[in-house]
Each structure stands twice: as structure tokens, then as C-alpha cells.
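*Asks:* Have a look at this one before I ask anything.
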Amino acid sequence: MLNADLKQQLKQLLELMEGNVEFVASLGSDDKSKELKELLTEISDMSPRLSLSEKSLKRTPSFSVNRPGEETGVTFAGIPLGHEFNSLVLAILQVSGRAPKEKQSIIDQIKNLEGSFHFETFISLTCQKCPDVVQALNLMSVINPNITHSMIDGAVFREESENIMAVPAVFLNGEEFGNGRMTIQDILSKLGSTADASEFENKEPYDVLIVGGGPASGSAAIYTARKGLRTGIVADRIGGQVNDTAGIENFITVKETTGSEFSSNLAAHIDQYDIDAMTGIRATDIEKTDEAIKVTLENGAVLESKTVIIATGAGWRKLNIPGEEQLINKGVAFCPHCDGPLFENKDVAVIGGGNSGVEAAIDLAGIVNHVTLFEFASELKADNVLQDRLRSLSNVDIKTNAKTTEVVGENHVTGIRYEDMSTGEEHLLNLDGIFVQIGLLPNTSWLKDAVELNERGEIVIDRNNNTNVPGIFAAGDVTDQKNKQIIISMGAGANAALNAFDYIIRN
């Protein structure tokens, strides 16, 4: 089931195992069970430290990743290929005794959790957000014997996942726990365990402190570190919104990559320099005093720096119409690559006629029964090549001059109301899912009145990435820079870094 290149890479990784690992599989006579047995046999034959046995488990087909004679609580229900293959490889290494790369403070938080925690995560193999959650919960299961975790492929267990309309969907002890991408710190926080502010008490002031973790942040950090400046990053996750991007084909010199691969490479590049990257935590306030610029974190800790570069990026913009908020993850979705497979053979709408919306409609047309694309303007704004491709599809309708007015449904989406602005007529379209692709909203709510914002909530900057507050710079999608592209954000981050360096020299 694995191609030659992947087998070679896997064989090298399996050499890092520090102890024996046993696959315990629950198999039936169905085709998926046969595929799973073939995969596990193929992997087991690649290392003398791996073995395979069979036992009836809660779900079939499924398998646990155990130590000989010891259950770890790590289970995969389905066949973990696609984006989840890395989750399987990591689970093998961690169960074998390979030390995780998490900070000791995080490991201690996991060990100190009290109670029994039985997690189940519904995923799709095309979901780019899912592996982060699966890998975090698997690691927690390996570290704490009171935690178990099962990854469940919704495409294999359709009856069980029938009402799951967004992935990853995490359940704890049978109750809904969370949806969407979560870091290990996010999960711990939801369980009531937060990073101690004392961890930050002894940090010396920075020359440059960068808030945010996307392309602009990474670029700025590398540039300032190369100038010999003491550099820190405060970020929820390295890569930012790029983590949720499926394919990247316009990053010059790299013909094709994925958002997750790009983010992984960015993190590795940051690690090559003396940069204090503090991830899994967010900033909540910023203040300039006579002594320093002070950034307050969500755990109450305060960091000081001579300069700050704000690069907090942007998140999905919502429709802000009745019914939308209540039905997010219940039919209202933002990631077609993640959640599209959950709507197989169903009718969906895509809201937005730009490149993102048209690309989403094209992708979904290959999965769902029918796509209706809504655009507020009189014509689509996407590139012509994308529009031509969209119009060639037989199961897509395009509605322009269409103002969406209400998401309809109680426990899940059943339809959408819209106004035909050319006639003033109201219409109801019955459907099962709505994918919102109307642009991004800058992550600036935490700034309050600290720096000048425009009417769209973007930070106002000049050509040198200065804000209206000396010493505070901004870069990337959080700013009023017109074009929002990865490569432009990276250039902006470098520009902000060089001007922060110049500011420090002159002040």
C-alpha cells in the first residue's frame, strides 16, 4: 500500500524506535479490514521491533498501538493514510519510548491531570487541521495512563459520524469537547490546566518581540536574529492561517507545497536561530511606557521589549447573518478541504466569488451532489482560468447579485435564504452545507486602542511598516497592506525587521 519512496523514508524513521511496539488489530471480513491488515503487515515487516496481533476492539476495523503487555490508549479506527500517516508514525515512535519534542512544562501539565479522560476524534483523511489534534491527544495518552484517544475516520464509520459536519470533532467521555484545530496547550487549557505565568518571570527584555506566528512573523524573526538582536515570538502556532491552506503553488522557487509542509519548514528555519519561540499562548494587551513596550499574555505574564512587530494575521470572515453563528460546525464551514468529504453526495453552497470561493466550489463539485455559488456583486471576481473551469462543471450553479440573508436550520443546516438584488425577490434554497469564503478578518481585537486601525480593523502602517506608535511595527495580513499573499507577508516581515533594527540603532 506504500510506494517505494514512502517505504524508504518510513524504514529510516523506524530505526529511531527505542523499544518494541505491538499493533493490536480488530479486523473483519470487509474490504477496509483487508486494507488495514495489509498496511499493518507491511509496516510490521519493516522493523524487528514491530509486531502484529489480533483482538476484538470497540470498532472494526481499528488497531491500537501498544507496548508489549501494556495498553497505551492510542487507537486508530480506520486506515491512517493521507494526512494521518504522520500521526501513525509519531505514535509508533512515542510509544516505543522516543522522547517527545514538547517542553518539559507541557509534559508536566499532562502528567498532573487528574481524572479519567477518554477522547474520540472524528477526522477525514483530507483534513489538514486534524493531524495536530490527533497527534496532541495521542501524545497525552502516551504520557498519562488515565488518558485514552481514538482517531475515527468518518468515511469508514459513516453511521457513527452521520451528524458530524466539521472536522476535527473531538468528544471527551462521550460529550462534545471541541471542533477545529487545537494545539496541545489549547486542549490543556480547556481541561483547566494553563501555563504558569512564573515560566515567563525571569525572561530578560527583548530587542524585538514579534506577536504572531505566520509568514510575516517568521520572516521578521529570522531577519532580526541574523542582525544579532535578542528576538522573541509569541504565537498560538507557527505557520498561522497558512496551516489551513491546502496547496501553495505561487511561492516562487517552490513549485508546489502544502500549508502544513510550509509551516513545518518555517518552524524548522526559525529553530536554526537563537529565537525564543513561545507557542501555544496569545497576547491580550500591549502598552508603550517610558521604559519599554510591554506585552501582556493570556496567563497574566508580561514581556518587555525595545520594539514590537505585530504580525497576528487574519481569520475567516463570517457572513454575520441570522443562523450562521449557531450552526457553525453544524453545516456552516470554512474549510472545504477539511470538511468537504463530510458532505459527499449532498447539496452545498459556497459563499464568495473570489479565487478562494471559486476554488472551493471546484473542489467540492468532485465530492458533493451539487454546488451553488453565491456572489454579492454582479460578476465573479476570481481569475478567468478558474471561472472557466467552474463553468465547465455540470453540477454547479452560479448566482450573482445574490445577498445571503439567513442560514436556516435548528440542529443542522437545512437551507439558506437569499435576496436576488436585481429583482428584490427572496428565495429559500434547501441544502445541507454552507462553505463561507468571503475573505479574512484581521486579528486586532486584542489591541483595543493601542495603535491606529482603519475601518476594516486593519493596522494602519507606512512604507516602513511603522504604526502610529514609535517602536511598534506591523506586518502581514493584519495590516492595511492591499494584497494578502504569503510571499508579500514574508517581504513585509523582513521590511519591518530591518526598520525595527534601524529604530533600535537610532534610539
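Using the three backbone atoms N, Cα and C, a Cβ is placed for every residue, glycine included.
In case it's useful when we look at the structure, here is the feature table from Swiss-Prot:
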type     : residues         : note
BINDING  : 207-222, 467-477 : FAD binding site
BINDING  : 347-361          : NAD(+) binding site
DISULFID : CYS335-CYS338    : disulfide bond
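Give me the lay of the land around each of these features.
*Replies:* Under DSSP, ALA475 (FAD binding site) is assigned to coil, being neither helix nor strand in the three-state scheme.
Following the DSSP three-state reduction, the secondary structure of GLU359 (NAD(+) binding site) is helix. Using a 10 Å Cβ-Cβ cutoff, GLU359 (NAD(+) binding site) registers 21 neighbours.
A sphere of 10 angstroms centred on the C-beta of CYS338 (disulfide bond) encloses 24 other C-beta atoms. CYS338 (disulfide bond) carries a helical DSSP state (H, G or I).
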*Asks:* Going by Cα-Cα distance, pick out whichever of the binding-site residues ILE351, ASN355, GLU359, ALA361 is nearest to SER219 (FAD binding site).
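*Replies:* Comparing Cα positions, the candidate nearest SER219 (FAD binding site) turns out to be ASN355.
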*Asks:* What whole-number Å value do you get for the CA-CA distance of ASP207 (FAD binding site) and CYS335 (disulfide bond)?
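*Replies:* Computed Cα spacing between ASP207 (FAD binding site) and CYS335 (disulfide bond) is 37 Å.
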*Asks:* Excluding near sequence neighbours, so keeping only residues 6 or more apart in the same chain, what lies with its CB under 8 A of THR467 (FAD binding site)?
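*Replies:* In sequence order, ILE310, VAL451, GLU452, ILE459, VAL460, ILE461, PHE473, ALA474 meet the Cβ cut-off.
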*Asks:* Does ASP347 (NAD(+) binding site) have same-chain partners at least 6 apart in sequence with Cβ under 8 Å from its own Cβ, and which are they?
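*Replies:* Listed in sequence order, they are VAL368, ASN369, HIS370, VAL371, THR372, ASN430, LEU431, ASP432, GLY433.
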*Asks:* Enter the number of other CB atoms within 10 angstroms of the CB of ASN355 (NAD(+) binding site).
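*Replies:* By my count, 15.
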